[in-house]
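Chemist: Sharing a structure here in structure tokens format.
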Amino acid sequence: MSSPRSTMSDSIREMYQFSVVDYCMFGGMLILSAACGIYYGFFKRSTNTSSSSSECEEEQDHLPEAGVPEKKPTNTFGSATIDEYLLGSRKLKAFPVAMSLLAGYISGVTILGTPAEIYNFGTQYWLIAVPILLMGVAVCTVYLPVFCSLKLNSSYEYLELRFNPYVRSMASVMFVINQMLFLPMVIYVPALAFNQVTGFNIYVIGAIVCVVCIFYTLLGGIKAVVFTDAWQVVVMFISVVVVVIIGTIALGGPGVIWDRAVEGGRIDFFNFSPSMYERQTFWAVLIGGFFYWTSYNAVNQTMVQRYMSLPNLKTAKFSIYMFVVGTAIFVSVCCYTGLLLYGKYYDCDPATVGLVTTSDQLFPHYVMESVGNLRGMPGLFIAGVFGAALSSLSVILNTTSGVLLEDILKGLFRVTPSSLVANIVVRGSVVVLGLAAMGCLFIVDKLDGILIVSATLAAIGNGTTGGIFTLGMLVPWSNTKGALAGGIAGALLSGWISLGSQFASAAGEVVPHKLPVSVDGCIAELITNTTIVNPIYPDESGVFPLYRLSYHWITPIGVTTVVLVGSIVSFLTGPRDLRYIDPELISPVVHRFLPRESFSYFGTANKGPTCVSEEMQTQTNIPVDSSAPYGTAANGQNGRVKAHN
């Protein structure tokens, strides 16, 4: 016989279920997403198959030769060319790309996980908005000018130009594996939320969403991804903000929420503890957050591909600034939502009385309980959560298919496919990756190991690739041996820390210290047969120190290890001769430290001719004769002479 408590919990869950209007809201989101794929795949595609490789060639591309008919699309299925499919012919606009960047990063995990983090551990994490803004400055100043100057299809192609193919392969393979393991997570978390409010089968709804995402990504390419992301981010922002506003008014205003948070010990912005073992401290959030966000947004192909879809450096910078401001605002709203949840449940914790089984279900449970009586509101919220999931999923599918073509097929295996084969590879990869994500849904909630491996590879990938790119752009004397040694050392150390901490946590040796909750305000039926005891945390002093580190420190340790080991090994094995290095491969912030002779090799590392625009000229602070072929430097030497590697 079921207990009164479980019966009461089931009754409460049954009270808050989706209505027809909610299902229509959710279905409308899926239909509109699919329509974007059809529109950009068939009705809004380019009619010119040539795309400019540099700004100097752009005007010529729009001037057809006399007597030569305008080129028509090479196929009748979706985007006309691979360049249009992957990069939108580098002619997208700043605002939709900024919204796509925001939508791609803000997944369902963020919408559901951030409020739970504030609810359980306090407001210290809210300071993440500061490193997000600083990250935007670092990306635009240090990394972005290099990618915009080189005009590459893949960020990892830079590693071959700067070092050699082995470094490129190491980073690109790590990226593909990481994304394949992350794909099912993107869908599983919002599917779990949907199950919480509807009782609908997790695997069925996950499969439906995957099919829709595969459809519009397959047809429309980066254009469909970007413009679908743009309106999806509006839906998810509106959905969260409306719920927050209604909830705040219902509780009596922000003052009541703040007072309850202060009383419950949730307000803590300045924990200056030097301990690296505490989950959230001022230093961990600022330093660790800056390294994590910069490593991801500066060099990860999911971000760089959309930077490269813009026509020039100025537009890309503008897009990134909009992205970081929007992200800081959205994350702040999610953090405030955590205080809202505590203000609602400060005297009756849903997890303690069994109304939710995981912290990620707190927000969906609150939505159904607080605004579930307003027809359409739960549907709008879940549509927003799934819009975030679709955005992340479509970006991963589109980006990973490009990496498989550019870095794996062309870079690793040295195969140069025809246009038809390239189309088949890219579009086939989208389908295979999407189907793989669907298949993994059946095991992701039954196999804890995949969660550990995924989290570990994410930490390894961010720290290692971020460190290698930083080494290449900011340490001019670094060489291939240094990059390989640094990359391997960073991957091993960050992997060791991440894996060790995951296993220590699974064994109960390291347990996050949540802030106290109460059930004093719960109705009697919910706390019947429930024994409320204060949690007893294990003595962690005997645990290996690296396994006790806050997760914020894993990425900084990885990046620092790569740069330090790479720099030292480069010195010991013979540093690069800076007189013969191509300055285009080095960040403009260190151009002033390069010997003047090196600028005679500007543009020689890239495979195609390089046009040095005025924009890049001001970045290098070296006079350039724009009338000379291929961007000859001021000393008169031809910029196309063979570079010394």
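Any Cβ shown, glycine's included, is placed from N, Cα and C.
Under the heading compositional bias 'Basic and acidic residues', TrEMBL lists 61-73. What TrEMBL records for 51-75, 623-645 is region 'Disordered'. The transmembrane segment feature in TrEMBL is assigned to 20-42, 125-150, 171-194, 200-219, 231-251, 281-299, 320-342, 380-399, 420-444, 450-475, 482-499, 551-572 (among others).
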Chemist: So which of 20-42, 125-150, 231-251, 482-499 is most in touch with the transmembrane segment (281-299), counting Cβ pairs under 8 Å?
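Modeler: Of the candidates 20-42, 125-150, 231-251, 482-499, 125-150 scores highest.
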Chemist: Are the transmembrane segment (380-399) and the transmembrane segment (200-219) near each other by the rule of at least 3 C-beta pairs under 8 angstroms (pairs 6 or more apart)?
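Modeler: Contact between the transmembrane segment (200-219) and the transmembrane segment (380-399): present.
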Chemist: Within the same chain, where does the transmembrane segment (420-444) have neighbours whose Cβ lies under 8 angstroms from its own Cβ atoms, ignoring anything closer than 6 residues to its ends? I mean 6 or more beyond.
Modeler: 75, 78, 82, 85-86, 179-180, 183-188, 191, 202-203, 206-207, 210-211, 213-214, 217-218, 393, 396-398, 400-402, 404-405, 409, 450-451
Chemist: Do the transmembrane segment (125-150) and the transmembrane segment (482-499) come together with 3 or more C-beta pairs under 8 Å, pairs six or more apart in sequence?
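Modeler: These two segments do not touch.
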Chemist: Is it the case that the transmembrane segment (231-251) and the transmembrane segment (380-399) have 3 or more CB pairs under 8 Å, with pairs at least 6 apart in sequence?
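Modeler: Contact criterion met.
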